[in-house]
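> The structure that follows is given in the form of C-alpha cells.
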Amino acid sequence: MPVGTARTCMNGLNALSGVGLLTVPYALSEGGWVSLALLAAVAAACWYTGILLCRCMDADDAIRTYPDIGERAFGRTGRLLVSAFTYVELYLVATGFLILEGDNLDKLFPGARVTLGTVSLAGKRLFVVLVALVVAPTTWLRSLGVLAYVSATGVFASVVIVLSVLWAAAVDGVGFSGRGTTTPLRIAGLPTALGLYIFCYGGHPMFPTLYTSMKRKSQFPKMLVICFLLCTLNYGAMAVLGYLMYGDGVLSQVTLNLPSARLSSKVAIYTTLLNPVTKYALVVTPIAAAVEERIRGAAGKGARAVSVSVRTLLVLSTVAVALALPFFADLMALVGSMLNVAVCMLLPCACYVRIFGAPSMSSVEAVAIGGILVLGSLVAVTGTYYSLMKII
C-alpha cells in the first residue's frame, strides 16, 4: 500500500474507532446474540454509503466536502441541510469528548484544584480546560498526512483497550462467567442496540476530507474496505468479550465494570482517556475548513494565522459549551443517534439517487439503497422514541 494511502487509512481507522468501542458490549446485552449480525449489517451499509459519497464526488471536480455533495444534489437547500447535520454532529461529538474527559479525570483525581489570582478552577471544569489545552495544538495541523501520526495513536489505543479487557478476564480473575439472557434476540432492545452500532460508524463527515487528501483516489474504496473490516472485527471482539465477562450486568461503558485495583483496568481506563484526545482534531477539521473557506484572505498571505485563529476559537467554543452544559453527556445518545442515522445512511443514499437518477442504477444497487433507506428510517424513528422514553 502506498505511503499516502496508508496515512489516509490510518485517519480513516481513527475516524471509525472511537468511544463507541466501550458501548458495544451493552448494545449486545440489549439486542441479544443475534444482534451481532446487525452489527455486521450496519457496517456493510455504512461502508456502502461511504462508497456512494465517493461516487458523488467523482461526478463533479468542484465537490470537495460533504455539503458540496448536498448542493450538487439538492441545490442550496441540500447544502444547508447536509451542513446542519454534519457540522452539528461533529461539533457535539467534539464537545462530548471534552465532557467525557472531564468526568473521567475528575473521578480519577477527585478534589483537584488550580487557583491563578482571582480565578479558580476545580474538578471537572479544571480537567475540561486542561484537555482543551492539550488538544488545541493538534487542531493546528492542516496536513492530514501529519495528522495521521496522531491518528495512529488513537488506533493503537483502541486495540490496547480490547487487549486490556481481555487481560482482565483471562489473567486478572474476572473470567467469562457473566450471566446473560437465554433469548438470542431481544426485540425491545433492538432500537437501542442499532442506535449504538450506527454510532460506532459515524465517520462519514470526514470521508470527503480524506478522499480529497489522497493522491491516488482510486485507492479510496480499497482503503475504506480495510477500515471497516478492521474496525468491525475490533468492535465485535469487544462486544463478545465484554458480554461474556459481565452478561446482562454490563454497564453502558464496559470499563466501569472493571475492578479498579487491577493494573489491566487502569491501563484500559487511561487508554480510554487517550482516545478522544487523538480524535478531537480529526473531528473538528471539517468544521474549521468550512469556516476558513468563508473568510476572505484565508488562502492568502495570512492563511496560517487565520487557520490557527479559527481552530483555536473553535476549541474555546466547545470548552464553553462543555462547561455550560454539565449534563450534556446524558443527551449524547439521543442526539448522536438521530444525527448519525441521517449523516451515515439517509443523506448519502438520497444524494446519490438525486445526482445519478434512479434509471441509471442496476437492480441490485436499487435494492441495496432501498434497504438502507428503510433500515435507517426505522432506526431513526424507533431509536429516537426509545431514547426519549429512557431520558424521560
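Note that Cβ sites are derived from N, Cα and C of the backbone, with glycine treated the same way.
A TrEMBL annotation is a machine prediction, not a hand-curated record.
Pulled these from TrEMBL:
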| type | residues | note |
| --- | --- | --- |
| DOMAIN | 6-386 | domain 'Amino acid transporter transmembrane' |
| TRANSMEM | 12-28 | transmembrane segment |
| TRANSMEM | 34-54 | transmembrane segment |
| TRANSMEM | 80-100 | transmembrane segment |
| TRANSMEM | 112-135 | transmembrane segment |
| TRANSMEM | 147-170 | transmembrane segment |
| TRANSMEM | 190-211 | transmembrane segment |
| TRANSMEM | 223-247 | transmembrane segment |
| TRANSMEM | 303-325 | transmembrane segment |
| TRANSMEM | 331-355 | transmembrane segment |
| TRANSMEM | 367-388 | transmembrane segment |
> Contact between the transmembrane segment (190-211) and the transmembrane segment (223-247) is defined here as three or more C-beta pairs under 8 Å separated by at least 6 residues; is that satisfied?
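Contact confirmed: at least 3 Cβ pairs fall under 8 Å.
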> Based on Cβ pairs under 8 Å, which of the stretches 112-135, 190-211, 303-325 lies most in contact with the transmembrane segment (12-28)?
190-211
> Please indicate, using numbers and ranges, the residues of the same chain that are 6 or more beyond the transmembrane segment (80-100) and have a C-beta under 8 Å from a C-beta there.
19, 66-67, 69-71, 74, 128, 131-132, 202, 204-205, 276-277, 279-280, 283-284, 286-287, 290, 318-319, 321-322, 326, 328-329, 332, 335-336, 339-340, 342-343, 347, 351
> Hey, would you say the transmembrane segment (303-325) packs against the transmembrane segment (112-135), going by three or more CB pairs under 8 A that are 6+ residues apart?
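Between the transmembrane segment (112-135) and the transmembrane segment (303-325), which are separate recorded stretches, there is contact, as judged by 3 or more close Cβ pairs.
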> With a Cβ cut-off under 8 Å, give me the same-chain residues at least six positions beyond the ends of the transmembrane segment (190-211) that come close to it.
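For the transmembrane segment (190-211), the nonlocal Cβ contacts are 8, 11-12, 15-16, 18, 20-21, 23-24, 26-28, 30-31, 35, 38-39, 42-43, 46, 49-50, 53-54, 57, 63-66, 68-69, 86-87, 89-90, 93, 144, 217, 220, 224, 228, 231, 235, 282-283, 285-286, 289, 333, 336-337, 340-341, 343-345, 348, 379, 382-383, 385-387, 390.
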